[in-house]
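Here the structure comes first, spelled out in structure tokens, and everything after it is commentary.
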Amino acid sequence: MPSYTVTVATGSQWFAGTDDYIYLSLVGSAGCSEKHLLDKPFYNDFERGAVDSYEVIVDEELGDIHLIKIEKRKYWLHDDWYLKYITLKTPYGDYMEFPCYRWISGEGELVLRDGRARLSRDDQICVLKQHRRKELETRQKQYRWTEWNPGFPLSIDAKCHKDLPRDIQFDSEKGVDFVLNYSKAIENLFINRFMHMFQSSWSDFADFEKIFVKISNTISEQVMNHWQEDRIFGYQFLNGCNPVLIQRCTKLPEKLPVTTEMVECSLERQLTLEQEVEQGNIFIVDFELLDGIDANKTDPCTLQFLAAPICLLYKNLANKIVPIAIQLNQVPGEENPIFLPSDAKYDWLLAKIWVRSSDFHVHQTITHLLRTHLVSEVFGIAMYRQLPAVHPVFKLLVAHVRFTIAINTKAREQLICECGLFDKAIKARGMDSTEDIPYYFYRDDGLLVWEAIKTFTADVVGIYYESDQVVVEDQELQDFVRDVYVYGMRGKKASGFPKSVKTREKLSEYLTVVIFTASAQHAAVNFGQYDWCSWIPNAPPTMRAPPPTAKGVVTIEQIVETLPDRGRSCWHLGAVWALSQFQENELFLGMYPEEHFIERPVKEAMARFRKDLAAIVSVIAERNKNKKLPYYYLSPDRIPNSVAI
């Protein structure tokens, strides 16, 4: 009788093993086998991290094996089992791989296909077509869209983490619980002793040092020592946490009535302000988005205030970007003066602090939350709803949405009761010239990573799509793209996302956007938060007094009274610390330990991808040598594969 050797690999994460009964049956072209209990005498099968082999003898020839069925039945208590993969050696010496990387919860059944990636057109056998269709039908019931808040991209229909499908939950809730992580951060930073003084003000700037943890040779210490300097203020728009707002000013806006006479002490080329604009030396950051938004009113004991500043910046003869004019609200007038570097020291300093606070709000809500976390969740939901596990795009993207839906659900549960192509977005803001703007490392490193990802996705697309027509006819792919557009982006053309993808080049570009957003873009705007935001006056999360309406009246005491109180400063410090830490066992860009692809051409493409990324790491490391302000957020060895924190 035919004999098959079955090897079963159990995951190594917490609670991955099981004591339940595991049955296996084989579905072949000539028939289906009986169920076989996988059990070895006097042996504890399916322990965490185990790789167990079994001999399965069948009564008759099965032909070519199409599917493996796994059934899990209760032994004593219900427990979950994480199955990594199954391999099969046939009686004829053939070797087959069946990737899984999924949980089987309670009593359940899982049907696996072999690991070769297949488009729907490649499945001509009825049983495989049915398996493909049934998998998507099941997933579409599990992964449902819902509206979290009006105007936001749709999100997963789950009120809390435990409501999510088991396959996308965190392996251990404890490791990503915001409350626990925050408490750990507070303890690590030794700021517990200030928490009881929740609404009392600090005495002066030096007082903030009481909660500031000095870590040798870090950016945060440079920020603490130099945050008042105009060069550090301007540098952050290029390489801080929010390097996506600054753009070249091609025309001075009417709502900012600044003149040459106002700023001539800042202009170094003996030109008028208009001439500096024409030569491309003037830049602008406009926080118009914040105009008209009410400040948080959840705390009746402390009033909070917002501004919507406009900040004009200048590229000086040293090619440094420095501020030359700040208007704190959008409508010019006597009570909305334009603050200048030539003003009194504290007038100018408070104006810059207001800009930094506004930048913090836009960074957290738009750049970080919306444009990386929520957009990446959209990709994840659409992928699970429209792409079966056998689809090459599913296999490519699954590592890049790992834990994203879970972290966002956690955020909605505990924390918070326009995405374009990278190079085109840089160019649209007039920030693409390396000669004119030589110190924009976010742009330089981002383009290197973008090109490496683009090359990799083009390689994979080329393996499975031999022509543009195959792309057009791949209905599952088109349904995925449509789901992203219709539900995730709410059908808005302004999102920049297409309704369909019609060429191999556009598909490669689309997949690059997905991977870059989930990995590099998130790394660029997330992991520098402690570096740039831990010194509270440089990134105030709240302001307790309104913006000044006149010049010559600001004092150091007023500034300190405007900045966050002791309790909120401690909360902020703990939060940016926790958000800036990598996860345990983090998977970085190019790392694919779950082998969803088994084909040699894809594995070779992955190897080339890792080689390209390693070269970028070397370039960035060389550039950063001896820099007081190194830029490393887009070094591939510091870019996690997915949004998971």
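Using the three backbone atoms N, Cα and C, a Cβ is placed for every residue, glycine included.
Per TrEMBL, the feature Ca(2+) 1 binding site maps to GLY17, ASP79, ASP80. TrEMBL lists ASP39 with the feature Ca(2+) 2 binding site. Residues or ranges marked as Fe cation binding site in TrEMBL: HIS368, HIS373, HIS522, ILE645. As annotated by TrEMBL, domain 'PLAT' applies to 2-118. Annotation comment: TrEMBL describes 118-645 as domain 'Lipoxygenase'. Feature annotation from TrEMBL assigns site 'Essential for stabilizing binding to COTL1' to TRP103.
Here the features listed in TrEMBL are painted onto the structure.
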residue: GLY17; record: Ca(2+) 1 binding site; Cβ neighbours (10 Å): 21
residue: ASP39; record: Ca(2+) 2 binding site; Cβ neighbours (10 Å): 13
residue: ASP79; record: Ca(2+) 1 binding site; Cβ neighbours (10 Å): 17
residue: ASP80; record: Ca(2+) 1 binding site; Cβ neighbours (10 Å): 17
residue: TRP103; record: site 'Essential for stabilizing binding to COTL1'; Cβ neighbours (10 Å): 21
residue: HIS368; record: Fe cation binding site; Cβ neighbours (10 Å): 22
residue: HIS373; record: Fe cation binding site; Cβ neighbours (10 Å): 22
residue: HIS522; record: Fe cation binding site; Cβ neighbours (10 Å): 26
residue: ILE645; record: Fe cation binding site; Cβ neighbours (10 Å): 23
Nearest-integer angstrom distance between the alpha carbons (Cα) of HIS373 (Fe cation binding site) and ASP80 (Ca(2+) 1 binding site): 28
Cα-Cα distance linking TRP103 (site 'Essential for stabilizing binding to COTL1') and HIS522 (Fe cation binding site), given in Å to the nearest integer: 27
Residue among recorded positions ASP39, TRP103, HIS368, ILE645 with Cα closest to the Cα of GLY17 (Ca(2+) 1 binding site): TRP103
Listed in sequence order, residues not in GLY17, ASP79, ASP80 with Cβ within 8 Å of the centre of the Ca(2+) 1 site Cβ atoms: PHE15, ALA16, THR18, ASP19, ASP20, TRP81, TYR82
Spatial neighbours of TRP103 (site 'Essential for stabilizing binding to COTL1') among the binding-site residues ASP39, ASP80, HIS368, ILE645 [C-alpha, 10 Å]: ASP80
Distance, ASP79 (Ca(2+) 1 binding site) to ILE645 (Fe cation binding site) (CA atoms, angstrom): 27
DSSP helix/strand/coil residue counts for the domain 'PLAT' (2-118): 0 helix, 61 strand, 56 coil
Inter-residue Cα distance where the pair is ASP39 (Ca(2+) 2 binding site) and ASP79 (Ca(2+) 1 binding site), in Å: 17
Pairwise Cα distance for ASP39 (Ca(2+) 2 binding site)/ASP80 (Ca(2+) 1 binding site) [Å, integer]: 18
Alpha-carbon distance [ASP80 (Ca(2+) 1 binding site); HIS368 (Fe cation binding site)] in Å: 34
Remaining residues near the recorded Fe cation site, that is with C-beta within 8 Å of the centroid of the site residues HIS368, HIS373, HIS522, ILE645: LEU369, THR372, SER376, ILE407, VAL525, ASN526, LEU579, VAL643
Average model confidence [pLDDT] within the domain 'PLAT' (2-118): 93
